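Novice: Can you read through this structure? Questions will come right after.
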Amino acid sequence: MDSEESFVALVNAANPAAYKSTSPAQGSSSQHPPTYPPFANAQSRSQPAPSLMDPFFDDDEDLLDLSPATTPRPMQSQESGLPLTHAAAPPAGLDSPSPSLPTHGAGQPYGWNFESQATFPGNASFPGAPLAQRKRTIRRRKKWKWRWPWEKEVQPTGERVIVLNNSAMNIDFCSNFVSTSKYNVVTFTPKFFKEQFSKYANVFFLFTACIQQIPGVSPTNQYTTIAPLAVVLLASAFKEVQEDMKRHRSDSELNARGAKVLNESLGFDPRPWRDIRVGDIVRVESDEFIPADLVLISSSEPEGLCYIETSNLDGETNLKIKQASPQTSSLTSPALVGRLHGSLRSEQPNNSLYTYEGTLDLVTDAGMPKQVPLGPDQLLLRGAQLRNTPWVYGLVVFTGHETKLMRNATAAPIKRTAVEKQVNVHIIFLFGFLLALSIGSTIGASINTWFLSTQQWYLFQTSSFTGRAKAFAEDILTFIILYNNLIPISLIVTTEVVRLQHAALISADLDMYYEVRDTPAVVRTSSLVEDLGRVEFVFADKTGTLTRNEMVFRAASIGGIPYAEEVDEGRASEEDGRETWRTFADLRALLEGSSGRSDMERSASGGEQERERATAVAHEFMTLLAVCHTVIPEVRDGKIHYQASSPDEAALVAGAELLEYQFHTRKPRSAFINVRGSPVEYEILNVCEFNSSRKRMSTVVRAPDGKIKLYCKGADTVILERLGKHQTFTEKTLSHLEDYATEGLRTLCIAYRDVPEAEYRQWSTIYNQAAATLSGRTEALDKAAELIEKDLILLGATAIEDKLQEGVPDTIHTLQMAGIKVWVLTGDRQETAINIGMSCRLIAESMNLVIVNEETSHDTSEFISKRLSAIKNQRSTGELEDLALIIDGKSLGFALQKELSKSFLELALLCKAVICCRVSPLQKALVVKLVKKNQDSILLAIGDGANDVSMIQAAHVGVGISGLEGLQAARSADVAISQFRYLKKLLLVHGAWSYQRLSKLILYSFYKNICLYMTQFWYSFFNNFSGQIAYESWTITFYNVLFTVLPPFVIGIFDQFVSARVLDRYPQLYMLGQQNVFFTKSVFWLWIANALYHSLILFGFSVIIFWGDLKQATGLDSGHWFWGTTLYLIVLLTVLGKAALISDLWTKYTVAAIPGSFVFTMIFLPLYAWIAPLLGFSTEYSGLVPRLWTDAVFYFMLLLVPFICLARDFAWKYYRRTYMPLSYHIAQELQKYNIPDYRPRQEQFQKAIKKVRAVQRMRRNRGFAFSQTESNRQDQARLIRAYDTSKSEARPSGY
């Protein structure tokens, strides 16, 4: 009792309302009885003091001292810092003793007058009388001002003033139209050309096309470069338009959603979202999304309450409670809210989701201004969803891109793949190589002109210095044009088409088609497909991405007996001495008093007496689940729906309902349940709320028999230490908790005690005094709860499944085997995130957890430094252990600071798994950007809500899940899938294939062009560097456009270095992409060297065989075009043979593309060479066909020279695969000979080992998950006291 008395004294000392005070007006020591709260007006002091207000209606915001010597506390926003309410009225409810606004008539508040007798003339902040009494003034729209792209947008300062029910006064604010697209009609051309000409190849070809137009410079036709470039740009433009049109269609669907807006005739008109304006009053109904940022005016619920789900904003699925100001909560009809006039002074738009400040300036019936302060509790954010509330009225305060959701979004970035960036760098070097060749050739031409001109007297050559200088410059341009195709112009359009095909193949993959919602995979940005094969980090949201947003009551341990919804065969039998698990059907039978299974009587040795005891325990257990909570029942369509700020609570109450303990009605002081059809009422005496330090909640109830009971549920660690002596079920319950925890279920312990009447009365006095405390009220209530939460009797435990999406654990495990680090960034609380991390195999049983939960920057820095040095020291000794880093949002904010970010990243990289909890959307993006900036790795972000959009756009590749949280993420992502498990095939199969195919395509494209065009350079040594071409101009163009166009396409689209089955079986093959094995600098330049070698061999053999000009049987010389066309065709056959050598998979398309291309050339080219001269162009081919295609030397060269060139390549391929094989070479052998995999036996053994480790780990560190909303502004107990669901028909309809 001494401790209780001292605690009472502590409460009294901290509560100004509990002791007598001196009246400053009298200046003496006259005493006044205590009042609660201590109101400041003289009238209340002169009257007898009221009794203490019910503590459940006590609220921290209502307890401000409003004495004349003090001023109302202004709201302070950490984001804007605008003291908007310095001159505002005190918070709602403080200017009268009533906690809510009294009303009269049809719900109109006392002291308000909406009729025309208001006399206030109006001023800048207060528009004054209603519209009917004053002349309507239309403000002119501000003149639109041009802003250059490089100019920063000027952020508005001060406050924004919104006039109520006067749209003409609010026309200067932006519309509610939103756009997530990259282009529009005006910006497409400049943005598109900026993106295209950031590719150096396009800049080079544009330069070449320009100099080709100079007369007398180009050795080829002036259109041979500009025409293909135009085709390339048109194809790219078509692809960009197609992809951006998808975004425009998505935006159009969103902007066309319907909302109900109050009109001038006080009715609600349907209006699309895009037409909603600031100052409009909107009616939002249950399950609808909030169309703009709204200030909550009133709702259908008592005291203006409403429930919203913010999973689109912060990823949390537990419902948030918002409450209108008591000054406006009575405006529950269009007539009342429509005649409301005045203004709203609000902070300017910002990106803070959790802060808001504003002041509602209204006019009373006396014509005087009345101010109502507003805070975050009155703000409904765009993208949130109204839940379990029939309707709300909201005043639009921010629209469109000024909403907090859109302020958290970033502009759609222009992303480029790592391979594309590498190609850009290689093109610079190749251009340097081309320039060197051109200058070398020009020097050769100059030497010939300056020193050998006398020997070539028959050529007209200028001898003046000016003429020779001009010729030197022209020769450089000539040779640049001659060699320009060393950089393949077809490469750009080929890669774009191949990427589009890859996107189509991904979309057509039935393994990634989700039949339930008829949703295939969609690639919105096809230019990033090869990056899918090189991902090293995956940043995943939890809610909706890894989980299904569904909580299910799966199992319970009651009186030491385990029950489950479904029991597998291994647990249903008593073999090997194992405990038998029972089903919920057995539990239902026990509660009904029937025998159930035949072994039910044998569950304990006491026979019938023991059975009755088990039934009593089960009844108490189920009653606790049905009564001990803060859930509000709501009947819709004849079915009960539960409003709960905690998804766990809703699942437990729903589980009790399935077992015939149905909670159906809540009154301010009672909870009504149906026990197997019989109505039972429990009086709710007190509620001790859940918070993160207590880790439990308790309810004191009076049972129908008049007994007082304490029901308590919470984490096992806090419940077990509060149990009384001689507990019967503790050991068995702990064993069951270990089983549940190893399966990743969320566990709670259930306990109760009987409370004697005398003890309760004594404790109730202490509790009420704690509830009346002004300073430190939460701590006082916690201490009061400690006094009664003791000597508990353990009833058992519950297990709830936060249902994972199908295949999540296997997918994460496979990704980790593939060398991919998975980081989870979630808005959920820490315990929830850790629990999900374990159930989805992100956190392994053998991992040690590094948990960062610090309150200051200094503490965070010190903790990270100590852990970092400890881990490094441990690893320097050779001891390696897997670590998982867990960090909460507050500590993460400190860790992302510039001076600490490098240390944090270093620590995170040493861990195998990272989980960031309670993070905001911007923090998600900042984490991604931190890794992106400091690591040379490809990053992928995956999420399903609007809160994930910033993260998705910050990563190299963004994947959106078209899930329950809407399509915001899917619209903004580069790839959209329906299930997280599809990520495995997207990366390990399609990603790996795309990277390997694109790498091979790019290398081959460079090879084939250099192989042909370097023969032009070798020919320069034989033509006096005159710029004479070896091949006919249009035939050169046909090389890329017709004759070799198919092999790159077939390699790029159909080639498979290993099959999908092998890639799935051996995820380690994915590391080839992470290590960039197929497209390194050395690989690129080895291909270039091989092309140079082939071109030299081809040109050399052709010159040797045609030395002195080959004589034909007719006695005629073969001639230049005879030799040139022969050389052209042996080059073509060589590059087609090379394509055959590098193809890993032969299909009918491969046969058509490689041998088929040569057959097509041998048919098309003679026809062209015969017809074209007749039409007046390509006259070089006149008379060539009968001479060339009948000559034996021509066919001998076609057989001999390509074979000599490719013999070295074949020998190297054999040597490499035989003596220096890479991992995929071995996998190809396994695939070819179908060698079986013996690993399943090992996996069974590893599963058994993991089970043992899991039990050991859970014994060492067993947690819980009970994600209930914590708020300093709202009191759960007070909220449930406000409801009387037996009178639901009395709710206002809002019409």
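Using the three backbone atoms N, Cα and C, a Cβ is placed for every residue, glycine included.
Unlike curated records, TrEMBL annotations are generated automatically.
Bear in mind that the values here come from a model prediction, so they are computed numbers and not experimental data.
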Novice: If I go by TrEMBL, the feature transmembrane segment sits on one of 220-237, 976-993, 1120-1137. Which?
Specialist: 1120-1137
Novice: Grab the same-chain neighbours of the transmembrane segment (1149-1172) for me: Cβ-Cβ under 8 Å, and only residues 6 or more beyond its ends, written as numbers and ranges.
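Specialist: Same-chain contacts beyond the flanks: 1034-1035, 1038, 1042-1047, 1049-1050, 1053-1054, 1125, 1129, 1132-1133, 1136, 1139-1140, 1143, 1178-1179, 1181, 1184-1185, 1188-1189.
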Novice: Should any of the binding-site residues ASP541, THR543, ASP944 have a Cα within 10 Å of the Cα of GLY827 (ATP binding site), which are they?
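Specialist: Final answer, ordered: ASP541, THR543.
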Novice: Check the Cα-Cα distances from ASP541 (Mg(2+) binding site) to the binding-site residues ARG746, ARG918, ASN947 and tell me which is shortest.
Specialist: ASN947
Novice: Give residue numbers and ranges for long-range contacts of the transmembrane segment (1084-1108): same chain, 6 or more residues beyond its ends, CB-CB under 8 A.
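Specialist: Distant contacts of the transmembrane segment (1084-1108): 422, 426, 430, 1003-1004, 1006-1008, 1010-1012, 1014-1015, 1018-1019, 1022, 1118, 1123, 1126-1127, 1130-1131, 1134, 1138, 1193, 1197, 1200-1201, 1204-1205, 1208-1209.
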Novice: Per DSSP, what is the residue count of the domain 'P-type ATPase A' (255-324) in each of helix, strand and coil?
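Specialist: Here the numbers are 11 helix, 32 strand, 27 coil.
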Novice: Let me check the 10 A CB neighbour count of ASP948 (Mg(2+) binding site). How many other CB atoms are there?
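Specialist: Taking every protein chain into account, the count is 34.
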Novice: Would you mind ranking the binding-site residues THR543, ASN947 by how many other Cβ atoms sit within 10 Å of each Cβ and giving me the lowest?
Specialist: THR543
Novice: Rank the binding-site residues ARG746, ARG918 by how many other Cβ atoms lie within 10 Å of each Cβ and give me the one with the fewest.
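Specialist: Across ARG746, ARG918, these binding-site residues, the one with fewest Cβ atoms within 10 Å is ARG918.
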Novice: How big is the gap, in Å, between the Cα of ASP944 (Mg(2+) binding site) and that of PHE690 (ATP binding site), rounded to a whole number?
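Specialist: Computed Cα spacing between ASP944 (Mg(2+) binding site) and PHE690 (ATP binding site) is 29 Å.
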Novice: Determine, to the nearest whole angstrom, how far the Cα atom of ARG918 (ATP binding site) is from the Cα atom of ASP948 (Mg(2+) binding site).
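Specialist: Rounded to the nearest whole number, the Cα-Cα distance is 13 Å.
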Novice: Hey, of the binding-site residues listed (ASP541, ASP944), which one tops the CB count within 10 A?
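Specialist: Result of the Cβ crowding comparison: ASP944.
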